[in-house]
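Worksheet for the structure shown next.
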Amino acid sequence: MNLLAVDTTADACSAAILMQDGRIHERCIVEPRGHTRHLLPMARELTHATGLSLSDMDALAFGRGPGSFTGLRIATGVVQGLAWGLSLPVVPVSSLATVAAGAIRQHGLSDGSGIAVAFDARMGEVYWGCFVQRDGLPEPVSQECVVAPESVTLPAGDGRPWFGAGSGWRLSDQFPASVSQTMEACYPDRIPHAADIARLALGPAESGQGVPAEEAIPVYIRDEVAWKKSGS
Amino acid sequence: MRVLGIETSCDETGVALYDSEQGLLAHALYSQVGMHADYGGVVPELASRDHVRKLLPLCDQVLAEAGCSRADLEAIAYTAGPGLIGALMVGGSVAHAMGLAFDCPVLGVHHMEGHLLAPMLEEHPPAFPFVALLVSGGHTQLVRVSGIGEYELLGDSVDDAAGEAFDKAAKMLGLPYPGGPQVSALAEKGIDGRFRFPRPMTDRPGLAFSFSGLKTYTRNTIEALREQGDLDEQAKADVARAFEAAVVDTLTIKCRRALKAADCHRLVIAGGVSANKRLREALETMADKQRAEVFYARPEFCTDNGAMIAYAGCQRLLAGQHDESGIVATPRWPLDSLAPIP
């Protein structure tokens, strides 16, 4: 299976093609607000680098959030347009899980390790999700949520080693000591990468769990933003 | 050339299919107005979220209505500005990705060019040159149009747009958002001449507009009535009547001047406020006296829609224009900076 993955949930913009033989080609540029300029040329460049064309793709995947609202809609729009045009299924992938997958891969976290992923969500909150490494991939063990840094929690007393990852760990001085002091190590510089999205999407894509283009929708998590209703 | 048009600049998701040989094949619109009404105005983040959900289903609907398949598309046109940045990016991202998928040209269209060319979709389109009055919630402009992309700005609003003034007047009168049609409906019950509101900037030469003074005058009138305990339903209707008459008169006076200044005998009115019945009547009467003719789009193409984007895009795409450096989203974009088509 050939799979094209894209991500624009944070300051970085990345695209990757996972090829039939398991090889992955990725392009990544860190440039705030550069997403609209870079994403499609990257996808085109990747097809050249792999010798594949877009019509060789079997599925698409994208970082469905949480993340910057405007940013994550660019990858969403691009995936919607490509999937609609090429009649391909789409696998939406959590950007928190993506960072967990990157941490596992980059730092060789062993089976059973816990990864607590935090993104700075602004407005005094973090996006928060906990994962456990199983067969090399992150498995969610908590609901993804948006909470005040003081309110983040780990699954109760499981005794496993925990690692922190994601930009939200820069606010770890505001986390409860029971969380921050449990960490074996922290990787606040880990950002979502399309290559990890591709790895996470492969299984679901192969088992037919992709959705049609119009169902490729962001997951914002922060849905209750205080948009003031008139009269209130 | 068969062009898919995508409009996502504000609070309506519009899609249409236009064919340069066969004309408009289908169009579909989803309006978010009901959702934003709860907030008393457009909430940009909510608008963007809704575009993401509605755009592709509308594309499918348009193709089904036209009896076409995705493979029949030969080009994609989308609104690249002016508008809400986040909302524009949704349409631009989807459009460019479709272009990559179909390997077809993609073009970002100026929203107001779409509006002023919308009457071209009607049975009796205006010939060039003409004067266009672009009048909506975001714009009040007079433009001399000599050809596609040949726009000379004759007059602009120095503060509020006419549609914005309608919305604000509606709010003062306790009417729900969007206020334009509500004020007009209330005005129908009003007594003509009970109040007379100023006609801003008509006592001096020039084609500029200003509606913020009229807004203040309206507020003061309402406050005075309220203090006297006289703000009953009839008084509100009378205020609405006087307000609408002042806006209509002002626009009509400026249009007459613009026709003269531009030496034109054709007037196009476009944008949401151009659906206003009394404005149309007043402009028709004025034009008759000037031996001029008034053109407007059908009501559903006066407000934001995909058809005008497909049409305007098609004209430029046929001339070989297309986006050369990717997705364009330009929140502020002067109309008179557009290039003519060769």
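Just so it is clear, glycine is given a Cβ too, placed from its N, Cα and C backbone atoms.
Annotated features in TrEMBL:
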DOMAIN    B:24-311  domain 'Gcp-like'
BINDING   B:His111, B:His115, B:Asp304  Fe cation binding site
BINDING   B:Leu134, B:Val135, B:Ser136, B:Gly137, B:Gly138, B:Asp167, B:Gly180, B:Asn276  substrate binding site
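Annotated features taken from TrEMBL, shown on the structure.
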| residue | record | DSSP (3 states) |
| --- | --- | --- |
| B:His111 | Fe cation binding site | helix |
| B:Leu134 | substrate binding site | strand |
| B:Asp167 | substrate binding site | helix |
| B:Gly180 | substrate binding site | helix |
| B:Asn276 | substrate binding site | coil |
| B:Asp304 | Fe cation binding site | coil |
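The Cβ of B:Asp304 (Fe cation binding site) has 26 neighbouring Cβ atoms from other residues within 10 Å, across all protein chains displayed. Rounded to a whole number, the distance between the Cα atoms of B:Asp304 (Fe cation binding site) and B:Asp167 (substrate binding site) is 17 Å. Taken as a whole, the domain 'Gcp-like' (B:24-311) shows an average pLDDT of 95 in this prediction. The distance from the Cα of B:Gly138 (substrate binding site) to the Cα of B:Asp304 (Fe cation binding site) comes to 12 Å. Other residues of the same chain near the Fe cation site, with their Cβ within 8 Å of the Cβ centroid of B:His111, B:His115, B:Asp304, are B:Glu7, B:Ser9, B:Thr79, B:Met112, B:Gly114, B:Ser136, B:Gly271, B:Asn305, B:Met308, B:Ile309. Ranked by how many other Cβ atoms sit within 10 Å of their Cβ, the binding-site residues B:Gly137, B:Gly138, B:Gly180 place B:Gly138 at the bottom. Within the set B:Leu134, B:Val135, B:Ser136, B:Gly137, B:Gly138, B:Asp167, B:Gly180, B:Asn276 that the record links to substrate, no two Cα atoms are more than 17 Å apart, and one pair reaches that distance.
Spatially, by CA atoms, the binding-site residues B:His111, B:His115, B:Asp304 include one closest to B:Val135 (substrate binding site), and that is B:His115. Cβ packing within 10 Å was compared across the binding-site residues B:His111, B:His115, and the lowest neighbour count falls to B:His111. When the binding-site residues B:His111, B:His115, B:Asp304 are ranked by how far their Cα is from the Cα of B:Leu134 (substrate binding site), B:His115 comes first.
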